[in-house]
């Protein structure tokens, strides 16, 4: 297997940005950031063009981040109105339902505009004003996009809660931001199962602290019988269908709040990441066009849920601001068969495909046949997002899914960053499997040691960012001090990402996992991601998760949870084979002290492995597991506890 995939000259010739252009623009973006971002901001339509481009301080006594602060615009106008003249009849949303035999549907930019205006008018009729918070708890259906853009149109701040979260999670988020209104559906559909969304909202609103909610709008999706509580609950369609199809957009200052999105897995009080209007929209639209080398006739599919930042930035705001045709998929990669993703790609002639390593590894586990039953000839670019992709999965994605002809953009970014920060550009960057490669324009990454000393050249350390970019979060909602303490206090005058990272001799960046996913063995620091990648590279291993546990001699030991590919069974011989494999690939220091076979791993509904829970199982501390309600399948925890090895 090659560890370097050089730029395809034909791709570079047609790409938006080639290598020379990247170097020129990157230099300009670092040396003259205000001039650079002023020019980029002109891609949007402003009521009042900004003249004050950047006003940022990372000083602990005065952390503030403001971009385009005297500009005025509206996000929904940029995603809808400005496309009506030339793209009014172009498909904005291609909706593919959960069930493959259910009809898919198309919504044009004009139809989406009219529906957003109708909901905007309905929200105003219900007393929602600029600055009010609206919670959106919907499945992956077109009305979720409508709800987001309708809030943006009237200046309401949306807080989307992932449709897999239960009542307590909804209540926490409603309570924290003081929502006046919730938009939900009778039920969701996912993998052939019904999700009781309205019932979850009802349960949430019985929890103390949710009394700010005055109205619940309910989309009739499955048609099942549900409880409606009058006068609080209203049917969405009854109210929205009668509204006018024109709705005057609110003039928003660039620094007016656009949305709050709560980070998953945080302990205690939820962390409400706040993004504002101008900088976020400039950054998401620019990164979407540039990273995906966007063309007018592309069919773009990001498989994330709208409840996560990837859905906000790269299903809704970035793509629609660019006038893209976006595929919206309600289902799962495994329903009704493991060929579903590839069948949907063929059905809708998808050209750009953006998914998570978790999905790639899960489908790789099923073998090549389900993929090869389909053609996927429409694809021209593949993307990866959400966590580091191990080289083995990268190669499979490239060779099998992309037929060895589609470059992969392995993108690194966070809820807090708003958009992609480190990524290849297909016409400018040679690819290394497992590396997120080089920084995007305006991004100044650096590596520091635990004392905050900058590490030059090839090195491994903590990833920090030395300067701001327009898409950066502005604060944590209602808790600016926590924002400062979380992101700026650890290494003063920098933004601390919380991620460990390695930089190689070519200046390429390799994300090694969260800093708390580093194991210190006898004074040697080793990233769990490196051990995991090595285990997954073994031909019989589908997935692996590695955590540290207290060791009486070494300080920390290595505990590995291993899921085998379909058809393989655990054995002592295979156990020894894996230990030998790790010794050969990394060295004796990385050999796991314990290997536990796991039929599945505990994951959040967004697909992230909950290593916090795996650590507690490894430590034999079941009473310290904490909240497991965000897991897709909490029963896995009991299974792992029961099978836990004694040590």
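The backbone N, Cα and C atoms fix where each Cβ goes, glycine too.
According to Swiss-Prot, the protein has these features:
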type: BINDING; residues: 190, 191, 192, 193, 310, 522, 583; note: CoA binding site
type: BINDING; residues: 386, 387, 388, 410, 411, 412, 413, 414, 415, 499, 514, 525; note: ATP binding site
type: BINDING; residues: 536, 538, 541; note: Mg(2+) binding site
type: MOD_RES; residues: 608; note: N6-acetyllysine
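Each residue in 392, 534, 535, 537, 539, 540, 542, 543, 544, 562, 578 lies on the same chain as 536, 538, 541 and has a C-beta within 8 Å of the C-beta centroid of that Mg(2+) site, without being one of the site residues.
Of 191, 193, 310, all annotated as binding-site residues, the residue with the shortest Cα distance to residue 514 (ATP binding site) is 310. The C-beta environment of residue 192 (CoA binding site), restricted to residues of the same chain at least 6 apart in sequence and closer than 8 Å, consists of 98, 99, 335, 336. Residue pair residue 536 (Mg(2+) binding site) / residue 388 (ATP binding site) shows a Cα separation of 13 Å. In space, 388 is the closest of the binding-site residues 310, 388, 411, 541 to residue 608 (N6-acetyllysine), judged by Cα positions.
Residue 190 (CoA binding site) sits 32 Å from residue 538 (Mg(2+) binding site), taking the C-alpha atoms as the reference points. Note: the Cα of residue 388 (ATP binding site) and the Cα of residue 310 (CoA binding site) are spaced 15 Å from each other. Within its own chain, residue 310 (CoA binding site) has 302, 304, 354, 385, 386 as residues 6 or more apart in sequence whose C-beta sits under 8 angstroms from its own.
On a Cα basis, residue 541 (Mg(2+) binding site) lies 25 Å away from residue 191 (CoA binding site). Reduced to three states, the DSSP call for residue 583 (CoA binding site) is helix. In this structure, residue 386 (ATP binding site) belongs to neither helix nor strand by DSSP; it is coil.
With the fewest other Cβ atoms inside 10 Å of its Cβ, the least crowded of the recorded positions 190, 193, 514, 608 in this structure is 193. The secondary structure of residue 514 (ATP binding site), as reduced to three states from DSSP, is extended strand. All chains included, 18 other C-beta atoms sit within 10 angstroms of the C-beta of residue 415 (ATP binding site). Separation of the C-alpha atoms of residue 193 (CoA binding site) and residue 413 (ATP binding site): 32 Å, rounded to the nearest whole number.
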